[in-house]
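So that you can see what the record holds, here are the features copied from Swiss-Prot:
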type: BINDING; residues: H118; note: chlorophyll a ChlzD2 binding site
type: BINDING; residues: Q130, N143; note: pheophytin a binding site
type: BINDING; residues: H198; note: chlorophyll a PD2 binding site
type: BINDING; residues: H215, F262; note: plastoquinone binding site
type: BINDING; residues: H215, H269; note: Fe cation binding site
type: MOD_RES; residues: T2; note: phosphothreonine
type: MOD_RES; residues: T2; note: N-acetylthreonine
type: TRANSMEM; residues: 41-61; note: transmembrane segment
type: TRANSMEM; residues: 125-141; note: transmembrane segment
type: TRANSMEM; residues: 153-166; note: transmembrane segment
type: TRANSMEM; residues: 208-228; note: transmembrane segment
type: TRANSMEM; residues: 279-295; note: transmembrane segment
Amino acid sequence: MTIAIGKFTKDENDLFDIMDDWLRRDRFVFVGWSGLLLFPCAYFAVGGWFTGTTFVTSWYTHGLASSYLEGCNFLTAAVSTPANSLAHSLLLLWGPEAQGDFTRWCQLGGLWTFVALHGAFGLIGFMLRQFELARSVQLRPYNAIAFSGPIAVFVSVFLIYPLGQSGWFFAPSFGVAAIFRFILFFQGFHNWTLNPFHMMGVAGVLGAALLCAIHGATVENTLFEDGDGANTFRAFNPTQAEETYSMVTANRFWSQIFGVAFSNKRWLHFFMLFVPVTGLWMSALGVVGLALNLRAYDFVSQEIRAAEDPEFETFYTKNILLNEGIRAWMAAQDQPHENLIFPEEVLPRGNAL
């Protein structure tokens with residue numbers, strides 16, 4: 001028996017090798033295998049949003065004007081969610097709702113599902129792009145891991161939350177004022193600001209902003225003067241082997257300010273990664289809880305005492321009254337298909353009234 005030892009070589013490349021060579025070639029804009037998902041989905045999501053905000057009304061789904069064509073501006077235009085009666089339908093253009101009629105599909109809110117789903121896969125494609133490039137240049141994949149935070153928030157807010165509710169109708173519409181309305185809705189119907197997962201999200205995002213500002217200022221403060229350039233940007237060679245700033249000086253400064261300081265760059269930068277990403281993950285988990293209508297902090301004893309004693313009121317009980325007002329005033333406007341009519345005597349009023 002003869003055993004041949006050596007590298008197997010093919011006479012000609014197959015289709016996979018040809019595609020792999022073209023997709024991963026070094027060029028000005030890297031394409032990669034991830035680009036097959038990223039570029040089409042991003043193109044369709046952005047294009048669908050521009051189309052919807054420019055031309056498509058929300059009259060048939062929300063009773064609203066939502067396009068530039070109807071007189072909206074950048075802050076008030078939106079791609080609105082489908083009607084509540086359509087529940088969780090994917091609203092495919094060729095589906096039973098639109099039956100291939102593009103105008104009818106737009107009127108029913110088909111552009112929202114189009115933008116939401118292509119947007120989600122576009123974001124996932126962007127994360128895969130970071131994985132692919134990191135692999136190609138032999139980097140760790142922490143950029144992609146960090147980007148999972150925004151993806152988790154997008155998927156939880158735009159997809160998982162409405163899936164837990166009665167339909168896509170209760171997801172945010174894609175517009176500035178529409179997102180603000182959704183935030184008010186979250187507060188009024190879920191008391192979102194008192195939710196511990198929201199608190200962790202705020203701590204993560206604002207904490208990351210603080211860390212970013214402190215880190216940037218500290219590096220600028222401890223730059224070595226190695227060059228004779230006129231300013232910071234000309235004083236260094238981008239290929240220099242030496243450190244650009246003094247970690248020792250920075251450590252001494254913050255040790256004197258706070259009594260503690262980061263002892264090495266790895267721990268410092270990991271902490272700057274950990275704080276915002278964990279905050280985003282936690283807020284995404286909280287939104288998943290809201291999709292299931294889970295409640296967080298309910299201080300019932302304070303509510304009972306406030307109801308019995310007109311002189312007792314806390315910031316919590318005031319906020320509960322505010323939430324009741326949001327629900328009573330917002331539901332009738334936000335869900336016109338329900339024909340909700342609240343008589344004056346049931347609308348909430350503060351104890352002072």
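Each position is counted from 1, following the chain as shown.
Quick reminder: no glycine exception, Cβ is built from N, Cα and C everywhere.
Overlay of Swiss-Prot feature records on the structure.
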residue : record                            : DSSP (3 states)
H118    : chlorophyll a ChlzD2 binding site : helix
Q130    : pheophytin a binding site         : helix
N143    : pheophytin a binding site         : helix
H198    : chlorophyll a PD2 binding site    : helix
H215    : plastoquinone binding site        : helix
F262    : plastoquinone binding site        : coil
H269    : Fe cation binding site            : helix
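Listed by sequence, the residues of this chain that lie at least six past the ends of the transmembrane segment (41-61) yet keep a Cβ under 8 A from its Cβ atoms are 67-70, 72, 77-83, 106-109, 111-112, 114-115, 118-119, 121-122, 125-126, 169, 173-175.
Residue environment of H118 (chlorophyll a ChlzD2 binding site) contains 21 other Cβ atoms, counted within 10 Å of its Cβ in all protein chains. The transmembrane segment (279-295) makes contact with the transmembrane segment (153-166): 3 or more of their CB pairs lie within 8 A, with pairs spaced 6 or more apart in sequence.
A simple Cβ count within 10 Å picks out one of the binding-site residues H198, H215, H269 as the most packed, and that one is H198. Figure note: comparing Cβ neighbours within 10 Å for the binding-site residues Q130, N143, the maximum is reached by Q130.
Of the candidate binding-site residues, N143, H198, F262, H269, the one lying closest to H118 (chlorophyll a ChlzD2 binding site) when CA atoms are compared is N143. Remote same-chain partners of the transmembrane segment (125-141), defined as residues 6 or more beyond its termini with a Cβ less than 8 Å from a stretch Cβ, comprise 24, 30, 32-35, 37-39, 41-42, 147-148, 151. On the backbone, the CA of H198 (chlorophyll a PD2 binding site) and the CA of N143 (pheophytin a binding site) stand 24 Å apart.
A Cβ distance under 8 Å defines the sequence-distant neighbours of the transmembrane segment (153-166), meaning residues of its chain 6+ beyond its ends; these are 81, 84, 87-88, 116, 119-120, 123, 172, 280, 283-285, 287-288, 290-293. Nearest by CA distance to N143 (pheophytin a binding site), out of the binding-site residues H215, F262, H269, is H269. Taking H215, F262, H269 as the binding-site residues under consideration, the smallest Cα distance to Q130 (pheophytin a binding site) is found for H269.
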